[in-house]
Amino acid sequence: ARAIRVHGKLEPIYVETVAELPEASRLYTVRARCERSPLCVCRWRKFHHISAWPLSKTLDFFQNLDLGGNKQQIAEKVLKEITERLGFLINVGLNYLSLARSAETLSGGEAQRIRLASQIGSGLTGVMYVLDEPSIGLHQRDNDRLLGTLKHLRDLGNSVIVVEHDEDAIRAADYVVDMGPGAGELGGAVLIADTPEKIAACEQSITGRYLSGKEAIYIPAQRTPKDAERMLVLKGASGQNLKDVTLELPLGLMTCITGVSGSGKSTLINDTLAKIAQRDLNRATKDEPSPYTEIQGLEQLDKVINVDQSPIGRTPRSNPATYTGVFTPIRELFAGVPVSRERGYNVGRFSFNVKGGRCEACQGDGVLKVEMHFLPDVYVPCEVCHGKRYNRETLEILYKGKNIHQVLEMTVAEAHAFFEAVPTLSRKLQTLMDVGLSYVRLGQSATTLSGGEAQRVKLALELSKRDTGRTLYILDEPTTGLHFADIALLLEVITRLKGKGNSIVIIEHNLDVIKTADYIIDLGPEGGDGDGGGRIIAQGTPEDVAATAGSYTGQYLSQVLANSQTAAV
């Protein structure tokens, strides 16, 4: 048990290296022969060659595999099983993955779709399947395939329940249960449960108002044109499946990086551009960027901020109040009340990170961790402070009739009204409300925030700062887990950041975000290695990309632009 605990603590600093076997093959003596497939440059293929191919290429190989004579007859059932299962994986949008891909490198959405493909292959009936946002990370083309797969599961005689924000998924459903009316304490009720058409006709449903077009995310009346003098140029990007890509990124604009899954978006932006900028601007030395030859224009920026969906903290002590800097002035207010001064309490008395005012039984966590060894750890409320984090003496100090625990239990909206007369607090709390987090509690544990909520807390922190207008913000699918109304709020925040002169780069599949961009860089045409992806196939305004032949993003974008309303000037 002790060894397991030690391994868990050391795991974050482990480095994975390729084993020194011939071509890192793992199993390098197994061979398969294919005489007809044009993919083969020789008659024999080693097992590790096949497992390293994209699934689409692997499927083509097995479909054309000719073993000859009775060997073909013996292998027929096995080959049928292999091709069917590969087909299921491709139909859920995973054509760019390889069989050798390590499970720990898969995103949550990819892992979920692999499990979905295995269920389709099992052919079970009478099963209830529950999926939580399966569209995460999927291009619109792959999303259509996914919806077809879910309908196939239903047609087999199963029940399919999907928690989803995607408009196409909602419209494709047989039955929709809409929760609300708001988020957090303002939600929790079933507003309406009916067909998508009935949902769209429901005035009380925010989802329905967006489905009916009464509420909408508008196309901007005027897009910010690119300035040829303000360009960031990255040359020779060749990491993973990138084909010697030259990226010309206009600064001061909102730029969307698009393309089907596996086309190289994350490699180009997260693994190459972001790491170069973090190394050269932020003086970060942790990670080396993927291969490239040259970068020009970084002198026009002073820092890069990667606003991702990673947690804002990994312990119960981390919360929105501590992350955004709201907690320090709150503690100063409590330390300044007359009773605190009489007792000699300073600001540290109201911290749950140091001894003095905190509950020592739980060391200010409010909960106790129970290690389960082979299962996720369980947190139970502290029996001494009952989750209040502080000792009795500290909780006796009141500010405007509330103790420190009661303030941390307030929602952002309640705290904004409570501290309205304190400009420092009011301004920071307003930014949290601006990004749609009015329902979150100030002291809510970081471990309970979703990825989308954590990302918006980070955006709120950036909004509250005074900046120089020379910052590069990188966001990777910020719409994950967001409702239409939340996306509208997110776009308002991004517009404010851009309005200060900053540059925004967004890796995104959501067409409502893409259509509002000033500039689009589309990668593809397909995903994976070989001739699949890794090239820039279209760039320009959304209208330019929509008119580009051969761009899947352009095909879907043209339909959205034709059916969307333009904002009033």
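Including glycine, each Cβ sits where the backbone N, Cα and C put it.
Per Swiss-Prot, the feature ATP binding site maps to Gly259, Val260, Ser261, Gly262, Ser263, Gly264, Lys265, Ser266. Swiss-Prot lists 223-550 with the feature domain 'ABC transporter', giving sequence analysis as the kind of evidence. Per Swiss-Prot, the feature zinc finger maps to 359-385.
Recorded features from Swiss-Prot, shown on the structure.
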{"residue": "Gly259", "record": "ATP binding site", "contacts (Cβ under 8 Å, 6+ apart)": "His139, Lys265, Asp522, Leu523, Gly524, Gly527, Gly533, Ile537, Tyr552, Thr553"}
{"residue": "Val260", "record": "ATP binding site", "contacts (Cβ under 8 Å, 6+ apart)": "Tyr96, His139, Arg141, Asp142, Gly524, Pro525, Glu526, Gly527, Gly533, Tyr552"}
{"residue": "Ser261", "record": "ATP binding site", "contacts (Cβ under 8 Å, 6+ apart)": "Gly93, Leu94, Tyr96, Gly137, Leu138, His139, Asp142, Gly527"}
{"residue": "Gly262", "record": "ATP binding site", "contacts (Cβ under 8 Å, 6+ apart)": "Pro54, Asn95, Tyr96, Leu97, Asn241, Glu526, Gly527, Gly528, Gly532, Gly533"}
{"residue": "Ser263", "record": "ATP binding site", "contacts (Cβ under 8 Å, 6+ apart)": "Tyr96, Leu523, Gly524, Pro525, Glu526, Gly527, Gly532, Gly533, Gly534"}
{"residue": "Gly264", "record": "ATP binding site", "contacts (Cβ under 8 Å, 6+ apart)": "Gln240, Asn241, Leu242, Val245, Leu523, Gly533, Gly534, Arg535"}
{"residue": "Ser266", "record": "ATP binding site", "contacts (Cβ under 8 Å, 6+ apart)": "Asp476, Ile507"}
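When secondary structure is read from DSSP and collapsed to three states, Lys265 (ATP binding site) falls in the helix class.
DSSP classifies Gly259 (ATP binding site) as strand under the three-state reduction.
The ATP site is defined by Gly259, Val260, Ser261, Gly262, Ser263, Gly264, Lys265, Ser266, and by the 8 Å test on Cβ atoms against their centroid, the other residues of the chain that qualify are Tyr96, His139, Leu523, Gly524, Gly527, Gly533.
Each residue of the zinc finger (359-385) gets a DSSP state, and the totals for helix, strand and coil are 0 helix, 8 strand, 19 coil.
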